[in-house]
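Note sheet for the following structure.
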Amino acid sequence: MSATEEKKRPITPPIEEGENKKQHTGGKEQQKKQPKVHRRKYKAKDIDQTSPMGVLQFEIDAILNEHNLVKDDVSNNMSLILNDESAQQKYHRVVSDVKIELLTSNGEGLALIPHPDESKKNQVCIVPFGLPGDIVTVKVFKSHPLYVESDLVSVETEASVRDNSLINCSYFGKCSGCQYQNVEYEQQLKFKRETIVNAYKFFAPVLNNNNRLPEIRDTEPSPLKYRYRTKLTPHFNVPYKKNFVLETRPNLGFGSKGRPTWRKDVEIPDGSILDIEECTIGTPIINIGMKNERARFEQEFKKYKKGATILLREDTNVVNNGEDFELKEASTDVEGKISSVEVNIEGENKKLVKTCVTKSRQIVTEYVNGYTFEFSAGEFFQNNNSILPAVTNYVKSNLAIPNSKEGEPNYLVDAYCGSGLFSITCSDNVSKVIGVEVSADSVKFAERNAKNNNIENALFLVGKAEQIFGSIDTPSNRTSVILDPPRKGCDEVFLNQLSDYHPAKIVYISCNVHSQARDVEWFINNTENGKDYYVESIKGFDFFPQTHHVESVAVLALKN
Ligand SMILES: C[S@@+](CC[C@H](N)C(=O)[O-])C[C@H]1O[C@@H](n2cnc3c(N)ncnc32)[C@H](O)[C@@H]1O
């Protein structure tokens with residue numbers, strides 16, 4: 001055996017996990033001390049079931065069910081893959097003739113491919129940018145106990161939903177931001193509705209299996225399909241080395257999704273961060289800001305000792321036509337002039353003057369349905385301004401308490417209210433609004449926003465939603481509650497209190513329909529008064545066209 005062959009040998013013999021090592025060391029001479037062999041073990045990470053990785057487990061079950069398979073039929077020998085280089089090569093290979101069967105909630109294709117080790121077995125393979133019906137070639141590059149990850153190499157037969165001529169961005173197919181640019185918009189909306197259907201199937205099985213869910217409504221389209229995102233955060237990396245000085249400008253842009261090669265019309269350079277000059281889902285002023293900040297970075301990158309994120313947040317100044325106005329601090333062009341974009345408001349004698357703010361503590365303004373909202377540029381605010389009138393109107397129309405008599409008072413509790421978007425836009429239909437929010441900073445803005453919009457019936461409290469009901473004195477049978485929690489959803493403490501409070505209506509808005517479905521199931525089936533409610537409607541809103549994301553609004557009402 002030559003020296004090079006020697007080097008290629010596996011580091012350790014391929015011992016199965018749990019196998020008695022003595023079997024391999026039998027014989028007297030084996031009593032001698034053997035050098036300790038370090039074997040790598042697969043460590044499963046704790047995952048939130050409602051995160052994309054958690055949802056994937058349900059999606060794997062779905063594809064297995066479809067083929068009458070069980071998990072053993074697709075399992076991978078992780079001990080072997082981690083400890084045996086030749087096994088690794090066998091697993092991480094190119095596979096052709098792969099049929100994409102499902103789309104995950106993360107917007108990736110899911111397929112079954114032959115197992116590299118056992119002819120009777122298969123593997124579940126994730127194929128980013130693969131669409132249901134595509135026949136593709138993939139390169140498997142990472143293995144997990146029940147699935148493998150791959151890059152899309154080429155598309156041999158295109159799915160009927162694929163139309164690559166629709167692609168609007170030269171980085172689509174490698175950038176991790178968009179998944180659906182090559183799908184007609186109507187079809188994107190259908191995919192998103194399917195995500196909601198599946199979320200309730202996976203996370204609300206009791207309600208789903210007992211026909212206690214309404215038909216999921218059609219997804220509400222975004223008025224803007226591109227150029228809608230009012231916030232972008234391009235970033236860059238600097239290698240971590242002592243006294244390291246950057247010689248060339250690092251890539252500034254967004255994370256890449258593997259190393260796919262399927263786009264034959266453009267060559268997208270590799271890199272964990274793609275260098276992106278323009279993002280077609282960002283608003284015009286955000287892209288002007290991106291150009292300005294890239295030019296500045298070109299001059300200043302040597303100053304950076306570590307990677308960073310650049311904030312680009314749209315700021316909207318409402319200006320009466322013909323009135324003089326001064327622009328606040330914002331991104332400037334190479335000549336030091338503040339960049340701005342003007343938009344006329346139809347039928348009104350005012351215009352919107354938009355700039356791009358880069359400082360996270362700076363106060364910015366959004367204009368929604370005639371209301372203005374101020375908040376810190378780095379804080380949460382919905383990122384697609386164009387769909388906000390439709391969403392806020394929908395929420396408002398669903399707060400009405402059934403069988404109300406003329407003149408009867410009615411109240412609104414807006415849990416997780418942020419800087420007051422729903423409290424304020426829904427305030428004119430109700431006697432009093434109480435907004436609750438954990439961030440004191442956001443509450444200050446909610447109060448300020450109520451004042452600026454001449455809203456006098458709103459009160460905002462700093463506190464955890466889980467602790468609010470003690471301090472809320474509105475009669476529950478005349479009160480509707482809005483929930484708009486972060487991605488992880490509500491906790492059981494909150495849902496129990498909500499059930500004890502027993503409001504007349506609940507409108508639950510969510511950017512993670514999986515945690516929403518879990519919470520709705522738990523609220524109705526596990527809380528004291530949950531049985532008094534039914535799910536009146538569920539509808540998706542497309543805040544992020546071209547991507548897999550969908551927001552969902554579920555309305556719960558009291559049974560008669
Ligand atoms: C998805 S945002 C919604 C904000 C607001 N409804 C809007 O649309 O602008 C969720 C908000 O919940 C707040 N939050 C997070 N955990 C909370 C908790 N336990 N109690 C109250 N608010 C919380 C966050 O600070 C954030 O403002």
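Cβ from N, Cα, C; glycine included.
Those TrEMBL annotations? Automatic predictions, nothing curated.
According to TrEMBL, the protein carries these features:
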- CYS511: active site (ACT_SITE)
- CYS511: active site, nucleophile (ACT_SITE)
- GLN382, TYR416, GLU437, ASP484: S-adenosyl-L-methionine binding site (BINDING)
- 18-32: compositional bias 'Basic and acidic residues' (COMPBIAS)
- 33-43: compositional bias 'Basic residues' (COMPBIAS)
- 88-154: domain 'TRAM' (DOMAIN)
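Cβ atoms within 8 Å of the centroid of the Cβ atoms of GLN382, TYR416, GLU437, ASP484 (the S-adenosyl-L-methionine site) belong to the same-chain residues PHE380, ASP414, CYS417, GLY418, LEU421, PHE422, PRO485, ILE509, site residues excluded.
The two recorded residues ASP484 (S-adenosyl-L-methionine binding site) and CYS511 (active site) have their Cα atoms spaced 8 Å from each other. Comparing C-alpha positions, CYS511 (active site) sits nearest to GLN382 among the binding-site residues GLN382, TYR416, GLU437. Mean pLDDT for the domain 'TRAM' (88-154) in the predicted structure: 97. Same-chain residues at least 6 positions away in sequence with a Cβ under 8 Å from that of GLN382 (S-adenosyl-L-methionine binding site) are, in sequence order, LEU388, VAL391, LEU421, PHE543.
Here the binding-site residues are GLU437, ASP484; the one with the fewest Cβ atoms within 10 Å of its Cβ is ASP484. Spanning the residues GLN382, TYR416, GLU437, ASP484 that the record associates with binding S-adenosyl-L-methionine, the maximal Cα-Cα distance equals 16 Å. All protein chains shown were included, and the count of other CB atoms within 10 Å of the CB of TYR416 (S-adenosyl-L-methionine binding site) stands at 22. Note on CYS511 (active site): other Cβ atoms within 10 Å of its Cβ, all shown chains, come to 19. The secondary structure of the residue listed as 'active site', as reduced to three states from DSSP, is coil rather than helix or strand. Under the three-state DSSP scheme, GLU437 (S-adenosyl-L-methionine binding site) falls in the strand class.
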